[in-house]
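Trainee: The domain 'Aminopeptidase N-like N-terminal' annotation in TrEMBL covers 72-257. The domain 'Peptidase M1 membrane alanine aminopeptidase' annotation in TrEMBL covers 292-509. Feature annotation from TrEMBL assigns Zn(2+) binding site to 364, 368, 387. What TrEMBL lists as active site, proton acceptor is 365. Here TrEMBL flags 450 as site 'Transition state stabilizer'.
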Ligand code: BES
Ligand code: ZN
């Protein structure tokens, strides 16, 4: 993980799109990282793999998943929040299946007090639980029963109370001020990764899916929302100021995707072309500011319907701006929550980068409705795929819905280059890391998971080609819908669809940190161009000189000046070096590796090849993302070549020829201010 000494700097630098976007939207992990920072300063001493305590902290019990002898089929859940006292009362009636006779039930539970619990076997007598043993550190409770719960179905009934906390996780309170200046609170949820257990006792693991029947008892003048549409709203018998709102049964889903919101909101509504009711909920009086997100969502839903060839399975989707929100946005199924800056657009005052940001965030969270919600990762180890995939397809979607944004150029200038910069550091980590205790999720959740994750999926999509990629995606979604899957399951489906060695290729990018630099030289033989290509690990700190020499399976594409937009040849570099023959390339043509800047690697051209690219740079026949990629590679190489004046001059010449749009120019100026010898270039 990357730690920055000053938390404020850290937070500012950890927004998903980095400093180019004005809104300081944080990866959810930023907050956790902050926690990690605090932990480091408080001197955590870790337990070694062998289980020996290496320092002063008491040994931590190894993490164990929930037992599978009792599992939920349906949760009947009724919650009654008190927006004045910040407490809530809850009633759970879960239909469960006992697979092995037992006299105890273990479930997740945190910061909740259980009042009563009982089990009613199907067709049998109610058995009252005699003990609630809270294992606070493990966030679990064990309910003990005086007699054995036999194999079969039954109803688990639990009455409980909890606090509407101010920690922005679980079931929490969010503060807002009315137009009259009165401070009020909404009750909202944020459950990912493991905070559903703070709202109700549950089996809070992504692979333990069940259906949910949710009811909320709320003040009659408040909006009450949940994952599904309202099916009933009636006065609450005990209090004339309250109503009971019942929601339709959800599909089978994971607990981390459950959500409810109770507060005061306005909304704008529309129907998507495929008949889904879309609403954007805004603070009271700001409905106008929801119109842009509404347009994005109504365009986005049909795009995903078509791309995945699987219809959106719920009758409605709500997008809601929450005043106090820890993450940027959260993909709760049918009720997506956003921080205000990630959803609201002031039509008069918002700039185009704000619109682009909102479009990307909406595109990201709606992609999760399929990839993540319909098919869910089996365990948090696969969360990188969930987030990496959504962070890639949000661009595909925005490019489709708003081609005028030229959004892929933003991807290259933001996510792609950022991932390369971070991943070249010795402090980087593989995107795929085994997660044991869910609290570890937060520790690996950073720009490497999001931006490198998105970049390697973009490379994979390009390697497979859109047609086979979609075929594989569709097979994956159909095979695992309403169930769980692992990263390997996706690779299998893509492998079947394409006939390519996807698991082997992708494993080399996800299981080891870093990336290669591709060294290229060329020779002309008659009408053929012979390319000598080799790979070695790229390190920001100087040449890699560890004994183990990592290598990658690198999809390489090549174009020439004959058609700079079109790939002439694709090869898979699956060894340290190889020779490639490009036929029909005359001596006056230039050859460029990695058109579109889709491969996750840097390129070091021979002096002659680099020089030959100059005309393509000058006449702009090299595409903007290609110039951007070339520029970025050259920058990173420049300070590595500090002792080779001639080569440095050559790089500077090419760099100097690259005309950069305003924004990039500003960024470059800033970057160059850190490399004073280069300042004269721009
Ligand atoms: N599912 C995440 C939010 C999340 C991840 C919450 C892990 C808790 C643990 C959501 O889809 C997401 O990625 N949100 C981003 C914004 C997005 C546009 C990149 C965020 O919150 O920064
Ligand atoms: Zn996400």
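Cβ coordinates come from backbone N, Cα and C, glycine included.
Context for these features, please: burial, neighbours, distances.
Mentor: Annotation for residue 387 (Zn(2+) binding site): spatial neighbours 445, 449, 450, 453, criterion Cβ-Cβ under 8 Å with sequence separation of six or more.
Look at residue 365 (active site, proton acceptor): DSSP puts it in a helix. Residues within less than 8 Å, Cβ to Cβ, of residue 365 (active site, proton acceptor) and separated from it by at least 6 positions along the same chain comprise 319, 329, 330, 331, 336, 338, 390.
Reduced to three states, the DSSP call for residue 450 (site 'Transition state stabilizer') is helix.
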Trainee: Give the three-state DSSP assignment (helix, strand or coil) for residue 387 (Zn(2+) binding site).
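Mentor: In three-state terms, residue 387 (Zn(2+) binding site) counts as helix.
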Trainee: Of all the binding-site residues given, 364, 368, which residue's CB has the most CB neighbours within 10 A?
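Mentor: The largest 10 Å Cβ neighbour count belongs to 364.
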Trainee: Neighbours of the Zn(2+) site 364, 368, 387: Cβ within 8 Å of the Cβ centroid, same chain, sequence order.
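Mentor: Result: 331, 365, 367, 371, 372, 386, 389, 390, 391, 394.
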Trainee: How many other Cβ atoms are found within 10 Å of the Cβ atom of residue 450 (site 'Transition state stabilizer'), counting all protein chains shown?
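Mentor: Neighbour count, Cβ to Cβ under the 10 Å cut-off: 25.
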